[in-house]
Amino acid sequence: MFSYCFPLLCLFYNLWKIFDRRRHQNCYILDYECYKPSDDKKLSTRFCGEVIRRNKQLGLNEYKFLLKAIVSSGIGEDTYGPRMVLEGREMSPTLEDAIIEMDDFFLDTIDKLFNKTGISPSEIDVLVVNISMLAIVPSLSSRIIHHYKMREDIKVYNLTGMGCSASPIAINIVQNIFKTQRNVQALIVTSESLSLGWYTGKDRSMILTNCLFRSGGCAILLTNKVALKEKAMFKLKCLVRTHHGAKDESYDCCKQKEDDQGYEGVHLGKNLPKAATRAFVDNLKEIAPKILPVRELLRFTLLTLIRKMTQKYNKTGAAARPVINFKTGIDHFCLHTGGKAVIDAVAQNLNLSEYDIEPARMTLHRFGNTSASSIWYVLAYMQAKKRLKKGNKVFMISFGAGFKCNSCLWEVMRDLDQDGNVWKEFINSYPPKTIDNPFFEKYGWINEEDPDTFHIPDDYVIP
């Protein structure tokens, strides 16, 4: 009897070990907090006009280019900028400006997250900080540890240069740690420093960043503790990273550099949309089989085979290319707010409705492109609108310099309400009746000016 039972007991024990190990490897989001700067940091249409006027490098052609770029950007009048721009010091920013900009974000957002969750800084086992455009000594992660007096054995990762797609990279780091260690709590802090990256030259490919990027940030608390599963908001189901840095065209399309006059900024090349599309397609090819139901994959495969056979034997014309339906496995789409054109392109490729892309459009309008933190503002919009229900699948996708396309799928663990997030004060006014930028209404007269006679006096008052 013992000879029969012992092998079965060993089998059950090994199966239990596998099951127990896997349930301790899950990655949960306990909570997150998006940064809302103070109202005195808002960049209104009038003030943006004043900032542009202060740049003596610009001429009429640059003014016309900026007018077109801002009007078509999808950004509204309530976005936020760095303090040194508001104080008129964008031509001569200091390191202290950049550090203060980060401190304002750290102290506001991380404090709120700890207070909301009831978790102490001393309980954090892993800290991942992502600020692409600022690297200081001691590091920004050390600055957080020093302020909150975190433990000496905390594991720290300080990411720079990862661009707008850094959030999934930070999550991937935490996910891998969770696979090897039990009962871990991690804090991800993601933002962007604009103080030292504000471009003051006239190169069109570099001045675009001033039109799109705005101040923002997010702090995310994650864990693999089974005991906290019931308190979790989201569970990570899948994550895929795609990097095309080996291709010259992709590597050079988004790059920090100096222009011909020595002004430093970020160059956005004309081939960026093409590079983004290639990375996006490759990313979808890898993640689609992991997140879509088998029936949809079979349907798409069958239609693709039929199309190939039709093309082979019917020379009169090509059949319509089959389209995979991502909505069969995804309930909500959390898109990177890289700009109106980026949102439109992703929506077209995934065949999304206006309802699907409303969170991304409204986030771009209200907060602008906040780099790696933008997808969390989009998620917060969905939560504030009470769209997120238990069992829903949320697809996050982001793009960044390199060129990178990173995506991940989350499962909603419980019905989520507004919960006092960053949208609470104005969510009822969104979506507005129109998101047209008033920039053209105020500055459209520039298009009628003569380049030979155009001149803006130093004492000109912005209307």
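Heads up, the Cβ atoms here are built off N, Cα and C, so glycines get one too.
Here is what TrEMBL says about this protein:
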DOMAIN    21-308  domain 'FAE'
ACT_SITE  Cys164  active site
ACT_SITE  His243  active site
DOMAIN    330-411  domain 'Beta-ketoacyl-[acyl-carrier-protein] synthase III C-terminal'
ACT_SITE  His332  active site
ACT_SITE  His336  active site
ACT_SITE  His365  active site
ACT_SITE  Asn369  active site
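Shown on the structure are the features that TrEMBL records.
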residue : record      : CB count, 10 Å
Cys164  : active site : 26
His243  : active site : 18
His332  : active site : 21
His336  : active site : 29
His365  : active site : 23
Asn369  : active site : 25
Helix, strand and coil totals (DSSP H, G, I; E, B; other) for the domain 'Beta-ketoacyl-[acyl-carrier-protein] synthase III C-terminal' (330-411): 39 helix, 21 strand, 22 coil
C-alpha spacing of His365 (active site) relative to His332 (active site), in angstrom: 19
His336, His365, Asn369 filtered to the active-site residues whose C-alpha is within 10 Å of Cys164 (active site): His336, Asn369
Distance, His336 (active site) to Asn369 (active site) (CA atoms, angstrom): 8
